[in-house]
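Notes follow the structure.
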C-alpha cells in the first residue's frame, strides 16, 4: 500500500511584516506610506484616512510591488495630516495597521501674505513695556515621531501539519515563522527536545523562515505529537502536528498468468459431477426390427 500524502493547510491570516509608521514632514514634500503584508489566500488591502476609504486620485496614488503596498502623496499639505489606516483581509481574517501623518506648515506665498501699507513717518510715543508685555509667548512643542519597533514577536505563517507514517519511509514536518530579530527555533516530541542525529535532521532557513524536521526510516516509536517553538525578545509562539502510524508497507501478491486451457480445466474440476438420478437413461420406444418381423409372421395365417 502506497503511503498517503499528508494533509497540509496553507491558509494563513494576513500578517504585517512591516507595519505603518508615523511620519512628520514639511508642507510641499512628497510622502510615501508603506507596508509589507503576508497571508494566504492573497489578502485584499484597503487604505483609510480618518475612517474614509482612499482610492487612487490626483492627490493619492495607490501602488503595489509583490507583497509591498504603498500610498504616495506627491505634494503634501497641512490638510493631508491625520490618522491613516491599512486593512488587510482574506478568508482567514483581517489585520489592521495605523499611523499618523503630521505636516509642518510652510511660509506663506506672496498671494497669501497680507498687503503692507506705508504712511508718513509719524511714530507715536509708546509707554514703557510692562513685565507682562515682555513675557515670552508659549511655544508649541515640535512633534517627534516615535522610532520604529525594534522587535517584532514571532508568528507562524505556515503551521505544522498532521502526517500519516508508513513504517520504513521518511517523514517530513515543516512550518514557517516570521519575527524580528529572527526567533530561535526548537523541535520537541512529548516535551523532549528533538536534536540532530542519525535519524533526525533539523534545518532552519532564516531567509525564508522555513523550519524542517526530517525523520528517516520511520518506525512505530516515532508516532506522537511534535511541537515547533519559536522565541525572541518580543515573545514566544508554538505549533503542533501529529505523526500517525499506519503500519508496515505491504505488497499485494500478483495474479499468476495462466492459459485459457488451464483456466478451463480448473473450472471443470470445481464443478459438481453428474449422478445417475440427474441424468436418467433415455428409453427408445421404437420397436426393434426383430419384434416387428415376428408379429408379421404370426398374423399371416394360411387358409
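Note: Cβ is positioned from N, Cα and C throughout, glycine not excepted.
Looking up the ranges 87-120, 121-154, 155-188, 189-222 in TrEMBL, the one annotated as region 'Disordered' turns out to be 121-154. The average pLDDT the prediction assigns to the domain 'Ig-like' (14-102) is 91.
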